[in-house]
Amino acid sequence: MALYSAAAAVLAGLERGDGGIKALVYNSGFPRVRQLYALVSETLRYSPVLEKLLAGAALLQAEKKLPPQLAKVLVYDLLFGKGLKCGGRWKALARRHRARLEAELARLKVQRKVSRSEDLLAPAAAASPGASQVPRYVRVNTLKTCVDDVIDFFKRQGYSYLGQAASMEDLRALSGKKFLLDLHLPELLVFPPQTDFHDNLLYTSGHIILQDKASCLPAFLLSPAAGSHIIDACAAPGNKTSHLAAILKNKGQIFAFDVDTKRLATMNTMLMRAGVTSFQLAQQDFLTVDPGNPKYSKVTCILLDPSCSGSGMVNRVPREEAAPSAERLQALAGFQRKVLSHALSFPALQRLVYSTCSLYQEENEDVVHAVLQERGSAFRLVNAFPSWPCRGLAAFPGAESCLRASPADTLTHGFFVAVLERHGEGAAAPSSLPVAAEENPQHGEGAEPAAAPKKRKRKKQQVKE
């Protein structure tokens, strides 16, 4: 399938509410998923502008056979992207209307009193506040480099490093080519919204991972000790898996499961590029994995990020157009309860992180509560990251131990995280459990933000410009 047609199909799927952008991209069958994901994301970002340009140029009226989603993709790449490097007959069609589209773009800039195309995105903030205010988060891949080297690299590229953020307001104030070290996560750099690194050498070489801050929380809070055996139950596309490997320093074993062959192939490529060695991929439904298999007898940690509604993703179409039905939510929650209960049945398990990119209580607090009740006193919620500003909804006693994230409160995608640990007979002694993030003195409740990482010895695998 051609790139533009594949992107248009993903946009149409989003409008129908068939799933989130990542799921639709990875299930599209298009071989270059990173390229497709970037094109879809940017087209969505410019969507309000593109709609005005299409209306002003009357393109859809002139080309009645042109689907509106495909028109958006073509016009985005023509005016704001790579300049229509492919596309065949669709490229020729778009270029016939280029002069009219460019005239509409110039007129819109005059109306908005801006000179740059990116400045046209500012008015969209009122209609879609989430997408416009979420910074670009860059996780340093410590398997290949260190924070100091990456900071130096960006400084050589003309970026200005402002040190470690002291508050969320510091993140909100970022603009231009300035960046910060995050105030919560020690290997996360923060850039202004819409900063694009998909073509940056650090990204293409696997030295940095473009990952939303909320998506970094599950592996960070699981906090496995080096040498641990871990299951990543619903692993693709692999960012969390690579984060776990970095925390383990490639010492230990990660068993990663996903049912989709293409997603696993893409994930394998991504993990190899990131320098991950301590993993085994399996094309298998996690629900069919036998907890009694001796292969998993040493699994003490599980990261469970199951399929969900994706309602927390800010780069989706407006939520009211894609809200799941009550039946869909019920089906998702039923699956999530089943897979969480299954994960807790692994005999050596000591700690589990359950996470979703959903905003719905049905997929989050309700799932955790139902499974904890089913399991009795065997497992309990951990009050992880007490200083995190956004807590679980008061759906049951103790739900505030869970974490939530949102564009307004935490400048991230919408997210939910719960940390469970074994309790009572069979539980590990506290000293042998992985240290939770908030139990580390530099992240303790009420403590000052962690100091910026000290200068570390330069690693051999240093990136050169």
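Glycine is no exception: its Cβ is also placed from the backbone N, Cα and C atoms.
The structure displayed is predicted, hence computed values, not measured ones.
According to TrEMBL, the features are:
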- 91-118: coiled coil (COILED)
- 126-423: domain 'SAM-dependent MTase RsmB/NOP-type' (DOMAIN)
- Cys234, Ala235, Ala236, Pro237, Gly238, Asn239, Lys240, Asp258, Asp285, Asp305: S-adenosyl-L-methionine binding site (BINDING)
- Cys357: active site, nucleophile (ACT_SITE)
- 428-465: region 'Disordered' (REGION)
- 453-465: compositional bias 'Basic residues' (COMPBIAS)
Local confidence of the prediction over the domain 'SAM-dependent MTase RsmB/NOP-type' (126-423), expressed as mean pLDDT: 92
C-alpha spacing of Cys357 (active site, nucleophile) relative to Ala236 (S-adenosyl-L-methionine binding site), in angstrom: 14
Sparsest-packed among the recorded positions, when each Cβ's other Cβ atoms within 10 Å are tallied, from Cys234, Ala236, Cys357: Cys234
Rounded Cα-Cα span from the residue listed as 'active site, nucleophile' to Lys240 (S-adenosyl-L-methionine binding site), Å: 13
Cys357 (active site, nucleophile) to Gly238 (S-adenosyl-L-methionine binding site) - Cα separation in whole Å: 15
